[in-house]
Amino acid sequence: MSNKCDVVVVGGGISGMAAAKLLHDSGLNVVVLEARDRVGGRTYTLRNQKVKYVDLGGSYVGPTQNRILRLAKELGLETYKVNEVERLIHHVKGKSYPFRGPFPPVWNPITYLDHNNFWRTMDDMGREIPSDAPWKAPLAEEWDNMTMKELVDKLCWTESAKQLATLFVNLCVTAETHEVSALWFLWYVKQCGGTTRIISTTNGGQERKFVGGSGQVSERIMDLLGDRVKLERPVIYIDQTRENVLVETLNHEMYEAKYVISAIPPTLGMKIHFNPPLPMMRNQMITRVPLGSVIKCIVYYKEPFWRKKDYCGTMIIDGEEAPVAYTLDDTKPEGNYAAIMGFILAHKARKLARLTKEERLKKLCELYAKVLGSPEALEPVHYEEKNWCEEQYSGGCYTTYFPPGILTQYGRVLRQPVDRIYFAGTETATHWSGYMEGAVEAGERAAREILHAMGKIPEDEIWQSEPESVDVPAQPITTTFLERHLPSVPGLLRLIGLTTIFSATALGFLAHKRGLLVRV
């Protein structure tokens, strides 16, 4: 006995739920099969007395993320701004330097040129890469065969710029610079709107959070869909050899549908058996695309003591000894439940996972006390953390990364349907892929691909642009004339070299004219 419907959606994260909602609103009979005992996927809002609510997974939204903002608003959710009123801190070589703005200031002029050149070159290279087809970039092969470590070493002359560039990669994609393709990372930053947009709180990707937590997006769609959402149903088998697609779950339920949307991370396709087998390129692609490593940590305090010292809670922390490289204030908008959120990133997540929860908390508090210069940081009232590396139905967080050589070879199959299976998930997005915004884009696009396949909408309606959010408008990202035209360090050296040669030649000519050069 099988359950019949129009579309089975595999995965009840934001992408799968957004797809299911659109199909349901279009009058189709849809079933969502979710492996876990909850919806939300890589978003997860924990609720208890100590925290009220806390996002242990994806949390941040900001300007230009118009789809998630529209969907959340439709579901009755509101946003609030992450605190960035006071000063940020850059902690480097054991010292804390307060600053304002998205990037830490640099005082050494040579180092400044190096930093400026790195950010500018990242954005310049990104402009060469098509958001919807990075493998079509003019230098795609060359950039894809290079790791971000190689690119950083090539672009940065100073240790200071190399360290900040490395932290930037670790923070953006929860992976090491030697693990990721330069082409893929350049694409990733580009499709988030560039270096400033992706890294910024104000006017950037971390500007806001949802009041009540981001888990509500998926939960409220589940409320709308009712018993069409089936929890604790890991999909193990998809059969496309008959008139309808058959989908089997681990508890041996059968679902029969005209179409399927796979809204899980690409590599989790490995947990499903396919009949007929997947095409060669997809079969290999899903074995080659891992997810990043991160432990998200939230330390709670009696009050936001850092604000009294004119610090907003954002800390950018350099150095191997520091467990956390980046923090943000996670205090509730009302000013209660004071907290600092920090990420343990990439290899540090693997290393520090060996410790106990209590040992990690101790390390974090000691670090925050040092960076903030506040012994109050040693007196937490509560602690929550989530190690996403141990989640068998995510495989890691925030998102899938592409090692060198994979994107140009296999990238084009990411969203390519396999007969009646269509692919969603934030990884398949073309704008803010890796974020909740990308999840919504991908889910709704996959849903419209099916509506088109059923003859309900024309092909040119599959991809739709999104009007700008009226509540969260974007300010343009601007650069100064100097930032655009200052030379790089090698450029400066060449300039000095040319000037020296020119000066020496001119002096020699002058000396010769005045008879000051004696011929031997």
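Glycine is treated like the rest: Cβ placed from N, Cα and C.
Given the ranges 274-300, 490-516, the record in Swiss-Prot names 490-516 as transmembrane segment. Confidence for the topological domain 'Cytoplasmic' (2-489), expressed as mean pLDDT, is 99. Look at the recorded positions CYS156, CYS365, CYS397 and count other Cβ atoms within 10 Å of each Cβ; CYS365 has the fewest. Following the DSSP three-state reduction, the secondary structure of LYS52 (N6-acetyllysine) is coil. Note on HIS382 (site 'Important for catalytic activity'): other Cβ atoms within 10 Å of its Cβ, all shown chains, come to 16. The shortest Cα-Cα distance from CYS397 (S-8alpha-FAD cysteine) to any of the recorded positions (SER2, CYS156, HIS382) is found for HIS382. In this view, SER2 (N-acetylserine) is surrounded by 13 other Cβ atoms within 10 Å of its Cβ, with every protein chain counted. Here CYS156 (site 'Important for catalytic activity') is compared against the recorded positions SER2, CYS365, HIS382, and the shortest C-alpha distance is to CYS365. Comparing SER2 (N-acetylserine) with LYS52 (N6-acetyllysine), their Cα atoms are 41 Å apart once rounded.
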